[in-house]
Each structure stands twice: as C-alpha cells, then as structure tokens.
C-alpha cells in the first residue's frame with residue numbers, strides 16, 4: 001500500500017488530499033481539506049501558516065510520495081508570484097522530510113481524472129467523488145488536491161508496468 005499526498009497550492013487556500021493505493025492500483029480516500037490561509041495579516045504569515053499546516057498533515061498521515069500541481073501562468077504577475085512562493089513553501093515542507101515530489105500540469109491532471117484536458121472544476125469534483133466513492137460535493141481546492149494524488153497514482157502504476165520513471169510514463173514520444 002502506497003500513501004500519496006496531493007497538493008493544490010494557493011496563496012489564500014491550499015488543497016490537500018491523501019489517498020492510499022494498493023498493489024492493483026485501486027485508490028482509497030484517507031483525508032482531504034483546504035488549508036485556509038486568510039487569517040494572517042501578512043503574506044509572510046500566510047506562508048508560515050502553510051508550512052505549519054502541511055507539516056502537520058505530513059506528520060499525521062505519513063505519505064510515501066507527494067504530488068503537486070505545477071504553477072500556471074496568470075495574467076496577473078503579482079498573483080503568479082504569490083502562487084509560486086506558496087508552491088515553493090509547499091515543496092520545502094515535503095523535501096525537508098526527504099519525500100519524493102512529483103509535479104503535474106493542470107491539463108495533465110484533468111486528462112488523467114476526467115479524460116479531457118479542458119475539463120472544468122465541477123467535472124473534476126464529480127469524477128474525484130466517483131473515483132473515491134465520496135458522498136456530497138467536494139470543496140474545489142481539496143478536490144483538486146485529490147485529483148493530483150489520483151493522477152500520480154495512475155502515472156506511477158503505468159510507469160511500474162512499463163519499467164520506466166514517472167516522467168517517462170507521461171511523456172508522449
């Protein structure tokens with residue numbers, strides 16, 4: 001059984017999701033939540049809150065691997081920089097515990113979970129709920145984090161069957 005932590009980074013809210021994947025590639029939901037970072041008066045305070053929150057999740061759930069969504073380019077440079085900083089803090093929380101980090105673009109995640117790279121938030125929320133047998137509507141940041149973890153589970157299973165790295169399993173040569 002492999003435990004995977006998925007992270008959907010954000011400067012105001014970061015989604016986290018934990019799944020277990022058995023030797024047959026079947027995923028089971030363990031935990032999900034948004035880490036809400038708006039209670040701090042400064043951006044540095046939010047980054048600290050993110051580091052502490054992710055550290056607590058890693059400590060409690062002991063993932064063996066971590067998957068994180070790659071940053072996308074925003075029209076707003078300030079937003080893109082803040083997102084990049086939040087992502088850097090998230091990666092730091094992971095590598096400080098010597099865990100492997102796997103990165104996936106939003107389009108890759110949508111393709112892996114919904115089957116269409118242009119899927120919208122509601123489609124992702126629905127498919128994550130179906131795949132993990134969850135009842136009710138998922139909060140979007142947490143659903144995105146679970147989608148990242150599911151994507152990594154699928155890519156890892158494919159890579160293992162092919163005897164290649166996860167990067168090679170995803171590339172289209």
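Placed from the backbone N, Cα and C atoms, the Cβ positions cover glycine too.
Listed in Swiss-Prot for this protein:
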ACT_SITE  8  active site
ACT_SITE  69  active site
ACT_SITE  141  active site
BINDING   8, 141  Mg(2+) 1 binding site
BINDING   69  Mg(2+) 2 binding site
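Distance from the CA of residue 69 (active site) to the CA of residue 8 (active site) is 6 Å. Residue 69 (active site) carries a strand DSSP state (E or B).
A simple way to gauge crowding: the CB of residue 69 (active site) has 25 other CB atoms within 10 angstroms, across all the protein chains here.
When Cβ neighbours within 10 Å are tallied across all protein chains shown, the highest count among the active-site residues 8, 141 belongs to 8. It is 11 Å from the Cα atom of residue 69 (active site) to that of residue 141 (active site).
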